Every structure is written in structure tokens, then in C-alpha cells.
Amino acid sequence: IIVSHGTLKIYRMETLLRHLTRGNALVFIIILGIGGSFQNGFHVTVISSPSPYIWSFINSSWIGRYEETPPAQTVKLLWSAIVSLYAVGGLLGSMSVRCIAGRFGRKRAMIWNNVVNIVAAVIMFTSRGANSFEMILIARFLFGFTAGLGVNIHAIYLGESSPKKIRGMVTLTSATFLSIGKLSGQFFGLREILGREDSWNILLCVSTCFSVVQLLTLPFFPEAPRYLLIEKGNAEACKKALQSLWGRGEYKLEMTEMVLEQAAIKGETSKTLLELLRDRSVRWQLITMVVVYGCIQFSGITAISVFSFDIFKEAGIPLDKIRYVTLGIGVSEVLTSITCGLLIESVGRRALLWGGFGAMSAIMILITITLNLKDYSFWIPYSTVGLIFLFVIFYGGGPAGVLPSLTHEIFIQSCRPAAFVFTGILRWLGFSVLGLVFPFLIGLLKSVCFVLFACMCLLASFYIFFYLPETKGKTLLEISEEFKNITLCENPLSVDKSLETKL
């Protein structure tokens, strides 16, 4: 049985590789990733390394301009603005995805997003020579805007380009590139690489090199097939796009599914966010997004990513070792995300989600205990580090890996752009709120704040286990029907007519 199970795994991997290499899909996924979610992951982690040098630059810039030392509160306010403007830009970028992706298409939207990213890098790179902290503020806002827009277009583009059999694995790569971006930000921020005072402006521009690569290569790839057929009504272009990405074939099954979805929405144009929120037929989908995204933001993973230095310092880890510990966490998140990609089509979305959240809840309780017992023995702080590694592994192999696929699958074509606006708002608002609140939480509650994170993870686990339907191997219309059949106290929350799923 063990041998046959191992053989089955190898067979699945070989089948997957054949799918990806028959056409240009593998190269397409890589090119899309380095200019998409990779950018967001990089900028989330890279800002922590040069922070003391940017503080120093603000001081020297102020003195050179006004010939007096700036008040400490002014420098702190400017630094807070540099950090928070990235989130503000990300929020606005997410809110604009429906408008930009609908007007320009998925491919052209990504290309123009790269142009803005390059402009931001030029501003950031020249800020040091110009002795202007205002240019850092502008660049950080633009970096945030391109990250917010790019993450959403990346996920939409992937989902609308992938066949049903491997849709989960393909869309999951957006989470993998997010993890690789985080790891890259930590790596390039090492003192031995670019984490020095004379190169902080170069460090903050490194990810733009990958944007340039995408800008030069993406025009040679096709537009999203689902967008071409359902929104543009161009069946011939859709077929050519599928053949370019996935190799020769007629793709009748995939195109039939798209035609059915096109007929179901009856020529309806892409919904606005307000129309989506008013639509009772997608009420359970919206509730699911609120619960899952909200619980992810307040699960503790954002706190670990952004405030890892403070957490490890609180745990008692030597200061000169902390940077390398955080780098190890980044490596584990990348490896787990890749593993999740190999499992998602066999295990399913639900099991990975509720199991991941459940394990994260238990680990957060254990972290709380070890933080309170850190002075009793020398090994306890290191057990805290081990638990944080486990937490990141279950996060990467569960919620982080499954979420891009789930967000794409539970909304049909007319609702999807507005849904990504909605989830983008949830993501960036949560990121902003936690960024403001967590320093005060850890100062006030110390390790007890991790109990709050454990409760949020447990809430998500229960909701997913009892309410979320499995989406593996189903068409988008079948998934929509499953959500319509969810009942709360024996009464369906959605009362609108169901979409027809048969010819």
C-alpha cells in the first residue's frame, strides 16, 4: 500500500509536469508571478531592514533643509507615514482592479502596472541623491498601489487561464510567489547583501528588476481565455489562448463550461462593488470572504511577518541571531506553499483550510505558554521559535495556499472583479489596523495577545468545517449552486433564483 501510494504521488507529479510543459504555461506562471504577488511579498518584509538608516536619512535631510534638528515626534510621524502609505496605496490599488482590469483587460493592466512600478523605483532610487524624504513617501505610495493592483490581477489572470483539473494548483502559485517575495525581501535586507546604510535606496528598488522582466516578456503571452470568451465573446481567440498556454487540443469541455457561464449571466456586465454587496445570491460567498480574510489578518501571521523582531526579542532570542531566524521562517513558508500546490487537487480545499486554521489555533496557545515560561529554562525560547516555524508551515500549507484558488472559484465571471475589490479592501484594511494596533497590544498584553489570535483561528476552522462546501473538481456554476444550498437554522440565506447548470 505504501509503495502504491508513493507511485501514485509520482504519477500525479509527472501528469502535472506534462500539463505545464505541453505549452507555455510554466513560463507564463513564472513571468506572471514575478510581477504580481512577488512584489507585494517583497515590500512587506524589506522595509524592516533599512528602517534605522531611513530614520537617519530623515534627520539629515531635515537638518540640511532647515538647519535644525527635527523633533523626535516629527521623525516618528514621518517614518509611520512611510510605512502606512504603502498600505494606503495597496488599498486604492485593490479598489481600482475592477475598473482597470475591465477596461484594459488582464494582460494590458499588468503591463501598465509594471510601468507605474518602474516610475516608483526611479523616485525611490533618486530620493537619497535629492536629499528628499518626500520622494520616499511618494515612492512607497506608488509601490503600494502597484502591489495592491498587481496581486489581484495576478490571481484573476491565473484563474481565468487555468483548466479545471489543475485550477487549484495554478492559482495557488500566486501564494507561492508571495512567499518567495517575502523571503527575497529578508534575504536582500541582510547586512552582507544590501542591508547597509549606503545602499538602502537600492535595496528598496530590487523587486523592480523583476517588473522590467515582466514588462518585456508578458506581451508575448495571450490574454486570459475565460475573459476573451465570456466578456469579449471571441471563441476563436479563446481557443488559441488555451492552445498557446496548455498545448494543442480542441478544449471543448473547457469552452463549453465558459459558454454555460456566459449564458447564465445573460450578457450581464461586471458588477460594481455596491451591486455585489446588494446581491443576495452571493451572500454566503461574501460572508465566507469576511470570515476567512478577517481571521487570516488577525490569526497572527501578519504580526509575525511585520513584527518578527519584536516577537523574537520578547521570546529572548539573541539580537544578532534574530535576522537569520526570520530568514529561516521565510524559507519554510516557501517550501510549504510548494508542497500545498502538490496536495490541493487530491486533498481538497476544505480539509487544508479547516485543518490549517485548527492547527494554527493550537500552536498559538502553545506560543502563549512558552512566552510566559521563557525564564524557566534556556531551551524554552528556542521552543517558541520552533512553534513559530510550525505556525508558518500550517499557514502556508493551509489558508495562504488555498485562499487564491478559493477566491477565484466561488464567484462567477460577472462578480469576480468586484469580489477581488472587496477582498482587497478586507486585506489592506486588516493589514493597516493590525499594523497600528499590534505594537500597543504586545506592549499592553505581552504574550496574552496571542490568545486572541488563537480564538480567531478557531472561529475560522469551525466556520469552514460546518459551512464551506468543497470546490475541488467542480465548475464555477456548480460551486455557485452549492453555496445557494447552504442553510442557517434550516432557512437558506440566499433566496434568489438559482443559476442553470445544465445545457
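Backbone N, Cα and C define each Cβ position, glycine as well.
Features as listed in TrEMBL:
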DOMAIN    29-472  domain 'Major facilitator superfamily (MFS) profile'
TRANSMEM  20-38  transmembrane segment
TRANSMEM  77-97  transmembrane segment
TRANSMEM  109-130  transmembrane segment
TRANSMEM  136-157  transmembrane segment
TRANSMEM  286-312  transmembrane segment
TRANSMEM  324-344  transmembrane segment
TRANSMEM  351-373  transmembrane segment
TRANSMEM  379-397  transmembrane segment
TRANSMEM  418-442  transmembrane segment
TRANSMEM  448-468  transmembrane segment
Requested in this report: Sort out the residues at least 6 away from either end of the transmembrane segment (324-344), same chain, that have Cβ-Cβ distances under 8 Å to it, and list them.
Outcome: 9, 12-13, 16, 45, 168-169, 172-173, 175-176, 179-180, 182-183, 186-187, 190, 304, 308-309, 312, 317, 352, 385, 388-389, 392-398, 400-402, 405, 472
Query raised in the report: Mind checking which residues reach the transmembrane segment (379-397)? Cβ under 8 Å, same chain, six or more beyond either end.
Result: 175, 179, 299-301, 304, 311-312, 315-317, 325, 328-329, 332-337, 339-340, 343, 352, 355-356, 359-360, 363-364, 366-367, 370-371, 373
**Report entry** For the domain 'Major facilitator superfamily (MFS) profile' (29-472), the mean pLDDT of the predicted model
**Finding:** 86
